[in-house]
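A.B. asks: I grabbed these lines from Swiss-Prot:
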type     : residues                                                                                                  : note
ACT_SITE : Cys129                                                                                                    : active site, acyl-thioester intermediate
BINDING  : Ser9, Gly10, Asn11, Ile12, Ser160, Ala161, Gly162, Pro163, Gly164, Thr165, Arg166, Ala167, Asn168, Asn288 : NAD(+) binding site
Amino acid sequence: MRKVAIIGSGNIGTDLMIKVLRVSDLLEVAAMVGIDPDSDGLARARRLKVQTTHEGVEGLLALDEFDEIDIVFDATSAGAHIKNAETLRKFGKYLVDLTPAAIGPFVVPAVNLTDQLNRNVDNVNMVTCGGQATIPIVAAVSQVTPVAYAEIVASISSKSAGPGTRANIDEFTETTAQAIESVGGAARGKAIIILNPADPPVIMRDTVLCLTGDVDQDAVRDSVSTMVEEVSRYVPGYHLKQEVQFDRVSAADVRTLLPAGVGTVSTQISVFLEVEGAAHYLPAYAGNLDIMTSAALRVGEGIAERLNHAEAPRRSRA
């Protein structure tokens, strides 16, 4: 078991802690780190016999078990992660960043986890909730045909958006758009987030629009279906809301969306998704938070597998 610390005792950090405790055979929570001694996350961690500190990263460094920790999950904010990463850099820990800070490369497990692990980077970024839900679909379409433009709309329950999410709205759109291009493969990406105030709260819904040339529709459907199945391996509540749709478009109608130099655009591909949370700590409607913690858990386990594999020859020689 690889020991991990979680920085951030809010909704995301607490849900991630409970996921590790309940479902992971590779990871062990050694510490929960916060800055509010009265937070529900720290209180819950103490009840679960997890070591805690309310003194932030400095408190983490002071813990007796710090040297035994291999992986640190950061579920704070973009600004806080920059400081946390600088503090932790010299200690040789692997950082999994659940904020939009994007110091390290983007990781979407179903798309590029193996590639990033092979690069031996020590800080990876989980993009955003909308990115984790939609970039696999953009990548699936890109595997079949060049995507000139991809636009995603993430609609989440307002009740599931805590202070961290609200503080990072601008970073959400910028980071997600960048990852649509660099991970999803689109020539240009755009991201929109909607906080839905409906009560009772609705689950996360995502729309992915891709502009392409003429396409083999069956090949796109198969690629999207395969990708949805892959994501659902670590996010069970992830599924298509309806069949993939194809519409003819005029290049003149979409010319303002397209970057220079792309080929002929004739088709709009529309994919509609729902993400229901596992309700480990958060309500089932908070699929936007569940997909982040589920994806982060998958990345953490991937790092643990890599570390275990690297140590196996040394153990056998001993």
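Placement of Cβ uses the backbone N, Cα and C atoms for every residue, glycine included.
The shown structure was predicted, so the numbers you read here are calculated from the model rather than taken from an experiment.
Explain the structural surroundings of these features, please.
C.D. replies: Proximity of Cys129 (active site, acyl-thioester intermediate) to non-local residues of its own chain (separation of 6 or more, Cβ distance below 8 Å) is seen for Ala154, Ile156, Met204, Asn288, Leu289, Ile291, Met292, given in sequence order.
Around Asn11 (NAD(+) binding site), taking its Cβ as the centre, 23 other Cβ atoms fall within 10 Å, counting all chains.
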A.B. asks: Quick one: what's DSSP say for Asn168 (NAD(+) binding site), helix, strand or coil?
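C.D. replies: Going by the DSSP assignment, Asn168 (NAD(+) binding site) belongs to neither helix nor strand, so it counts as coil.
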A.B. asks: Within 10 Å of its Cβ, which one of these binding-site residues (Gly162, Gly164) has the largest number of other Cβ atoms?
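C.D. replies: Of Gly162, Gly164, the one with the most crowded Cβ is Gly164.
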A.B. asks: Return the residues near Asn168 (NAD(+) binding site) by Cβ distance under 8 Å, restricted to its own chain and a separation of at least 6 in sequence.
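C.D. replies: Listed in sequence order: Ser77, Ala78, Thr99, Pro100.
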A.B. asks: Using a Cβ-Cβ cut-off under 8 angstroms and a sequence gap of six or more, which residues of the chain neighbour Arg166 (NAD(+) binding site)?
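C.D. replies: For Arg166 (NAD(+) binding site), the qualifying residues are Leu195.
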A.B. asks: Determine the minimum-neighbour residue: among Ser9, Ser160, listed as binding-site residues, which Cβ has the fewest other Cβ atoms within 10 angstroms?
C.D. replies: Ser160
